[in-house]
Amino acid sequence: MSKKRFFKRNKKKDQQKQQEQKKKEEEEEDEQNYTLTSSSSFDSEIFDLLESSKEDEEEEEKQKEKQKEIKKKLSTIKIADFLLEGETIKQQFENLLYVFYKRTGKTNTTVGNLLLTNARLIFIPLDPRVYRYNISNIPTIFLGNINKIEKLKPFQSNTIGNTEQSAKGFEIECKDFQLYRFYLTGKTNTFDQSEIILKIAKQTYPENKKLLFCYLHKVDKNTVDEFWEIYNPQKEFERMKVNFEIENFPWRRTTINEMYNISPTYPSFLVTPRSCDDKLVKLAAQYRTKTRLPVLSYYHSQNGATITRGSQPKMGLKKARSEDDEKYLSAIRKATRNDKVLYIFDCRPKKNAVANRTRGGGYEMVEYYDKCKLNFLGIDNIHAMRRSLAKLRELCFKTCYLKQNQWYDYLADTKWLLYIQRIIYWSVRTARLVGNKGNPVFVHCSDGWDRTAQICALSELLIDPYYRTIEGFEVLIEKEWLRFGHKFHQRVGHGDSNNEDSQRSPVFLQFIECVYQILRQEPTAFQFNEQFLIFILDNLFSLQFGTFLFNREHDRLMNVLNQNTYSLWREINLNLDKCKNNLYIPTKKILSPSTSMRHLIFWETYYLRKMFWKPIRMNIKNGDLYMENKKKIIHQQFEKLKNSEINNSQFAEIYQKFDLNIEDLLPEADENLKNNEMNKEKNNTKHKRRHSAEENSKKIKIQEIKKAEKGNGKVGEKQKKKKKDEKQEKEVENEKRKENKKQKDKKSSPTAKLSSNNSKKKKPKSSKSKKSKKSLKSSNSSESNKSSESNKSSSEISSNEK
């Protein structure tokens, strides 16, 4: 061995020992400088602040100054700037704990003041970071939206001082599927639990209905809101190409109900067949409940088909008939072109229609009506819908408690989507009969103001593209719901404390949801979006506008709502950008959405806009909430972490639990975090050095290999020659071994000896082995041929013997 090689080997050994020593030292330092935090546990924003260098200190100071300015502005903002027109503060409840439920599945709480105004409940947190320094994020509850207020059972909690205190609270359940919980924090509260509930209830359910906020919202009573006249029946029928001036036109306007004498629940503007005079119209009205006779609701301008609406006939147990009613319905049928069949759609199940005979109601006996077909739609009454709504509300409130495999079972038990499916199905059927086939349809239920309005309004929405615009939809609600006497006051319960009233029912809510289901299937056919529908439902309960007050047109005129209140359509038309659908493409086709249950979905964006609550345990000390003293809790947590090892995930959970910011941390905690960050920087630099050293060593090896391949240097050439010689030697040895094995095998087999003796003189050894194999094959084949011939001969002999 040469001296150069010996010294090179010794140098390599020394370098390896030095590298091992460095690794051990670095591992020991890593163990000593073990850090609690990592880049995956905290947000990137926190790291940016903690890793800031001296050069970035000026930028941090500027940001702090901006935050101080924002806080100063918030402190100078007055609550009066947040109030609506005509809204005044009636009472203030201080230091209440507001409990809300996050989408992450955790409860959270904030302490603040609850303001009671003549319109709303406004909760203002003491910490502005809760609503992100934006006043519009403050939780508010319109008083008209409150369904009921209940006391919460007091619960006891163990405090640090081993004393027990009870926390009382109250719960506000809203009509729009929202739930709010507030707790009293202790001695700092000036009002008791029952006192707060009484004060809210008095303002929510006033004895004088003119104290409702919709009357107080409009300060100037002398002006008339223009949007109250958005629906003009004369113009609307002219748009449908109904010309009352032409004598031969089959429809006319009647003035028998201008003073609301014939039917108080009907509008003053009624359209009847021209072939029927006022006497026949009055007589036919007497045979219908509430004197709600069949009148024109929609006229198809192209084929002359119509949709008429009314109430059930007074058939009774005696099966009473009315020839006037029979003549009137035949006149409606003849008013259409081509003398087609009149379809009578009774929205009720047949058993309910039969049961109504005991109350003097009933259904049409088709044998007495000319060319009429009767269909029962099977839509249940308001009581079934109210029970379904109660189950749906329970489902939404219990969303946090239910397991994954239980939720759809509870939803199916409500039967809510089943009712929605039936309404859409018969609306599509009505639209096809009127729009495509040109048949007239007469729709009624018991009284003609609940299910009848649903079917008529939805079928017109599917037929006429005008009703799929923002203005047209407002006209549709005015025409089919407000003017034809849907009982909004009783169905919604405006200003009524009896939340178990049998007359309450979600009829209008079902209609809006049906529109949403159709909009979801036909997203380009509507000018309005989903938020437009939700805004209408929100203001159905808010009592901010007078649009949905009272049950009939006559009552709204008597109370002069156009001067005393604002219209909902005013607010919408002043904010059209929020309501428009960007995917809207105007079309004149009749919509035909799928009515299968698999294409209907739960309306999550409305029913689950706000997640709901779980009971929480609070630490109370001397009557005050311990959660207010957040810094003490943080201090205790960091003292525990000083001398204990903890995972990064556990530290992140503590950080998220208290929604910490850098300003909340105590100086000791800040120092600990900074020290940990400094140690982490050192570890990162060491890791970078190791990585760079490994890369350099790899590069050197690659360069050496390349030199050897090119032949630059004597070492590479010698190595190549050695490798070639070794390969040749190995190949020769392998060949010798193979030949020896073959010779031994040949000697042992007799066939191989014969073939070898015959082939010694002609061919080399390699050819001999091939011939031996061929001879074996030939011998085997000859033996097989002989055996086959013997078998043939034996078979021939046996056949001859037979």
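Placed from the backbone N, Cα and C atoms, the Cβ positions cover glycine too.
Residues or ranges marked as active site, phosphocysteine intermediate in TrEMBL: Cys445. Marked as substrate binding site by TrEMBL: Asn381, Ile382, Cys445, Ser446, Asp447, Gly448, Trp449, Asp450, Arg451. Here TrEMBL flags 1-12, 759-776 as compositional bias 'Basic residues'. According to TrEMBL, the feature compositional bias 'Basic and acidic residues' maps to 13-25, 671-684, 692-718, 725-738. The feature compositional bias 'Polar residues' is assigned by TrEMBL to 34-43. Taken from TrEMBL, the feature compositional bias 'Low complexity' applies to 777-802. Per TrEMBL, domain 'Myotubularin phosphatase' is recorded for 227-607. Look at TrEMBL and you will find 1-44, 671-802 tagged as region 'Disordered'.
Positions of TrEMBL features highlighted on the structure.
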| residue | record | CB count, 10 Å |
| --- | --- | --- |
| Asn381 | substrate binding site | 16 |
| Cys445 | active site, phosphocysteine intermediate | 26 |
| Asp447 | substrate binding site | 19 |
| Trp449 | substrate binding site | 24 |
| Arg451 | substrate binding site | 28 |
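One way to see the shell of the substrate site is to take the Cβ centroid of Asn381, Ile382, Cys445, Ser446, Asp447, Gly448, Trp449, Asp450, Arg451; the remaining same-chain residues with a Cβ within 8 Å of it are Cys347, Thr452. Farthest C-alpha pair in the substrate-binding residues Asn381, Ile382, Cys445, Ser446, Asp447, Gly448, Trp449, Asp450, Arg451: 12 Å apart. The secondary structure of Arg451 (substrate binding site), as reduced to three states from DSSP, is helical.
A Cα-Cα distance of 9 Å separates Asn381 (substrate binding site) from the residue listed as 'active site, phosphocysteine intermediate'. If you measure from the Cα atom of the residue listed as 'active site, phosphocysteine intermediate' to that of Arg451 (substrate binding site), you get 6 Å.
Mapped onto DSSP classes, the compositional bias 'Basic and acidic residues' (725-738) shows 14 helix, 0 strand, 0 coil.
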